[in-house]
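Colleague: The following feature annotations were taken from TrEMBL:
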SITE      MET10  site 'Important for substrate specificity'
BINDING   MET10, VAL11, ASP12, GLY38, LYS39, GLY40, ALA41, ASN42, GLU139, ASP252  substrate binding site
BINDING   ASN184, THR220, LEU221, GLY222, GLY223, ARG224, GLY225, GLY251, ASP252  ATP binding site
BINDING   ASP246, SER248, SER282, GLY285, GLY287, SER291  K(+) binding site
ACT_SITE  ASP252  active site, proton acceptor
Amino acid sequence: MDIAVIGSNMVDLITYTNQLPKAGETLEAPDFAIGCGGKGANQAVAAAKMGGSVMMVSKVGDDLFAPNTVVNLQQQGVDTRFVTTAPGTSSGVAPIFVDDESQNRILIIKGANQQLKPADIDAAADALKSCQLIILQLEIPLETVYYAIDFARQHDIKVILNPAPAVADLNIDYACKCDFFMPNETELEILTGMPVTTDEEVKLAGQSLLKRGLKNLIITLGGRGSLWMSGDSVHQVAPTAVKAVDTSGAGDAFIGCFAHELVKSGDIPAAMAQASAYAACSVTGRGTQRSYPDAETFQRFLNVH
Ligand code: RIB
């Protein structure tokens, strides 16, 4: 295996609407779709669809959603030997609201993802040791994330930490042990308490984190592209212009594709450029994983963009 994702899976319940109800009000929404999601699973699927050899360490509930989650991961080419059931729990679910501007608002109910523990990393240790890269997010317990980072350091495996959803009490010392720290602008704002409206503000907020000892900070900025900051150097990748219909899961598409390209070439700017285009391609379709192209479809997209 090249890449391991130690993280979440969720069932995405996506409502397409411009208006959310007030207290006591019932509103009709025009459209709805159900799909496989979760930041961890999305990143695993994006990397696998691009041709990566990917395994997941994850927990599903013991409900009717679980078998479908596992089968979906397998169909997308993800190794599920270490996706196990947490008895007596529901699977993670994510009600998502997407408006006409293609912007998303996401609620998560972590369910079984809360039961992913350090012991699950120990159980997968032999398989994990063969990986070049581990990807982590924050939809599982923080103690498991920290344990995974220490495991990776001990075995000389590279780590990407995507601090999503952002938690203000994230221990930055652990972020500093990672090779890549990859927030979006909203997460950067929560983590630093600094404004991120303009590119200059983003850079100042980024510098405040770098000063605390981060190695590589890659900030995804949605329609404004992405930014890699390390030491004193700043590298900006312009966005690929597309007509977005649903931005849900675009950040995960970026990270999954970036991870695959990084393992392949080790070239960070090239990996960012591919990841940026891959995320752009994903926002032209509805849903999260469902909108991720495979390598062939992505190549066709690149030919015309
Ligand atoms: O990043 C998008 C993802 O966030 C969705 O798939 C949802 O499940 C939540 O985890």
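Cβ atoms are placed via backbone N, Cα and C, with glycine included.
Unlike curated records, TrEMBL annotations are generated automatically.
For each feature listed, report its degree of burial, its nearest neighbours and the pertinent distances within the displayed model.
Modeller: In sequence order, GLY37, GLY38, ALA41, SER91, GLY92, VAL93, ALA94, ILE108, ASN113, GLU139 are the residues of the chain that are 6 or more apart from MET10 (site 'Important for substrate specificity') and have a CB within less than 8 Å of its CB.
In this structure, MET10 (site 'Important for substrate specificity') is part of a beta strand by DSSP.
Counting every protein chain shown, 31 other Cβ atoms lie within 10 Å of the Cβ of ASP252 (ATP binding site). Under the DSSP three-state reduction, ASP252 (ATP binding site) is assigned to helix.
Within 10 Å of the Cβ of GLY287 (K(+) binding site) there are 21 other Cβ atoms, across all protein chains.
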Colleague: Can you tell me which of these binding-site residues sit near ligand 1, meaning the Cβ is under 6 Å from at least one of its atoms: LEU221, GLY223, ASP246, SER282, GLY287?
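Modeller: Not one meets the Cβ criterion.
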Colleague: Minimum Cβ neighbour count within 10 Å among the binding-site residues ALA41, LEU221: which residue?
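Modeller: Fewest other Cβ atoms within 10 Å, among the binding-site residues ALA41, LEU221, is found for LEU221.
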Colleague: I'd like to know which of the binding-site residues SER248, SER282 has the most other Cβ atoms within 10 Å of its Cβ.
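Modeller: Result for the most crowded candidate: SER282.
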Colleague: Let me make sure I understand the span of the ATP site: among ASN184, THR220, LEU221, GLY222, GLY223, ARG224, GLY225, GLY251, ASP252, what is the greatest distance between any two Cα atoms, in Å?
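Modeller: Looking at ASN184, THR220, LEU221, GLY222, GLY223, ARG224, GLY225, GLY251, ASP252 as a set, their Cα atoms extend up to 16 Å apart.
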Colleague: Is any of the binding-site residues ASP12, LYS39, ASP246, SER291 within 10 Å of ASP252 (ATP binding site) (Cα-Cα), and if so, which, in sequence order?
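Modeller: Checking Cα-Cα distances against ASP252 (ATP binding site), the binding-site residues within 10 Å turn out to be LYS39.
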